[in-house]
Amino acid sequence: MAMSLASQIKLWWNTQNSPTEHSSIPLLKARLSQTWLNKWTIGLLLVSIKLWMFKMSLSGQLDGAESNSERSCSALERSVSKMMSIPHYTATGMNHVIATAIQKFVSGLIKMVLLIITGVQELLIFAVNMLISTYTCLITLVVQGAVSLAVDTSKHVISFVNDTISTVVPEIEKGLNGLADGLNTATNAFVDLGNLITGKQAEEYTGQIDFVKLQLDGLKNVSIPASVNEKLDSVKDKVPDFETVKNEIESLIRKPFQTISKSMNETLATPLNVSDSLKVPALKSAQFCKDANIPEVYAKLNSGLNTGLKVIISLLLILALIMIVPVAWSEWRLWRYHEELWVEQSTVDVKQEKRHAFHTVLFQAQHKYVTMVKQKLAWGKKLYQRNLSQWYWAYILYPYMLTLLLVGLFGILAFLLQLGLLSILKSGLQSLTVPTSEVGADVTETVVREIETWKNDTNLFLNSQETHINKNLLGWVVDSTSTVNTTLSTFIDTMNNGIDSVFKDTPLHGAVQGVTKCLVTLKLQKVADGMGWVSDNAHVTLPRIDKELMSHQDIEQEASEKADYVSDGIARIIKTVEKLLFTELYIALACLGIWLFMCLIALVYVLIKSRDRTTNFEPSRELKFDMVDTSRDINVPRVLPPQITIPKPALFMRNHIPSPATDPFEEYPIRRNKSSSWLFNLKSPVLRKS
């Protein structure tokens, strides 16, 4: 019964690779079972483990960074909240300063105004009293002197007039009587003439014509009475002393000042609640940590690292598994090559083979791919040059050198892959830095807005306080100066009325009025002008808060610096990890550097040997060991050995394996397994014997 394909393969595997009592080395089956432990797969696995350890290190640092970031963000929120509340704290302090300054200013202003009012009041009263007293005395003396002169003059005039009248009246009376008789005679003549013309009798004109009777009886009794001197004496006694005016003016002057003093004292006793009127910006609270979602960001970072690690390790594991295939294929080819080599060596006189050629064969068997590379990359036209170039490539790709090269290459690969994981962390960092990068601008905007609002409100308050001071406090000064001016006008009018009441219609009226105007009225008008100037300038201007004084550049800079605290934690981690990665890169590059240094030494050696004609290589002889006897001289004509074809047993059929008696491999002791060469029968080498 024919065997199935699986059974045939199993039979072949067991017969070709099962250990026997004649075999002490691992055969093909054992060797293939270790192909997964090849240097490529192990290197990739080590790189995967390194990446996993790198990720675990990053995860641990990220956990610490998350905790630090949350604490730093909370501290940053508190710090930024305080910075955003700078207008509140500034306004609180400034409002206290402004309120205290205004209170002290108003209190000092009231006290100063009270002192000024008291001083001005007493000065005005003193000036008015001085003027009134001085010019009252002056007017009194002038009037008394004038009246005394007038009285003395009037006495002499009265005495002269009285004496003259008593002497002249009789003589005048005689003349007047004669004149009256003449006039009456003329009147009778006119009556007679009329009677003649009209025919009336004299009796008919009785009652119609009055006759002249001139008498000086009244003049006899005329005399200037002595009462005229009495009236002049009374004028002297009636000269005003202006005591009433003085008292009235003093009362009028004191009244407004007393009112102002009373109001100011009441204001001074009542403290100003300026602080309650000043506005204070509210405290601000920054809450960007909640918007930053720090745990979520770090979770995304860890998730990204895990995903990247899984992808990279999966690719490395797949590549490691894939590398098993060419290694297994290479191992199988090496086994086959050993079998072919054994067949070849069975036809060669080993004793006559050169030692170097045999080592060349062993090297080609053990390092097949290196042999392929050195044959492909060999240079030179002469044999010794090609041998030297092949030696160079074999030297720099020898296992020890190749191990150093692979360590450097795997180190660079690990560096690049770890750098890829780190780039994932860097990209995730952007989502954490975006919320905090705007903190500086937000803080500046909030501070500027709140300070601007506070500045406007405070300036409005200062405007109102300025108006209040000018209207209520200094308004009293304006009112008092106006009252003083009114009082002075009243005083001047009262004084003029007093002068008019005494000297009106007298010769002294103009003189007294002129003296009063010159010496009193003009002085008081100057005082009134001074009071008017005080009224015009009795106001204050409080300074305003300027926006330029509230600089926010330092605030913006400090806020921007504090806004980087959270992201700086990850940035420091990245910087530290990058430093470690570059240290690994430097180690890998150092390995490559050593390998390149050895390559350079080998190259120098080859160049030196290529110039040396006394090499061990003989240009007249070729060293070939490609299934041909290399012991013969190249100048001797080649004699082909008889060709022996190895019998081809039936595939996978144990019962068709040649018997030991007919098996051509049986005579060689090195042949342990008679059935081990059947697999190569499809391409069995041609054995040549010289």
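Positions of Cβ are set from backbone N, Cα and C atoms, glycine also.
Under the topological domain names given by Swiss-Prot, Gly93 lies on the same membrane side as Glu331.
Candidates Asn221, Asn673 were compared with Swiss-Prot; the annotation N-linked glycosylation site appears at Asn221. Taking the C-alpha positions, the distance from Asn456 (N-linked glycosylation site) to Asn265 (N-linked glycosylation site) comes to 33 Å.
For the transmembrane segment (40-60), the partner stretch with the most Cβ pairs below 8 Å, chosen from 112-132, 309-329, 404-424, is 309-329. The average pLDDT computed for the topological domain 'Extracellular' (425-586) is 73. Summary for the glycosylation sites Asn265, Asn456, Asn485: the Cβ-based neighbour count within 10 Å is maximal at Asn485.
Cα-Cα distance from Asn265 (N-linked glycosylation site) to Asn485 (N-linked glycosylation site): 24 Å (rounded to the nearest whole number).
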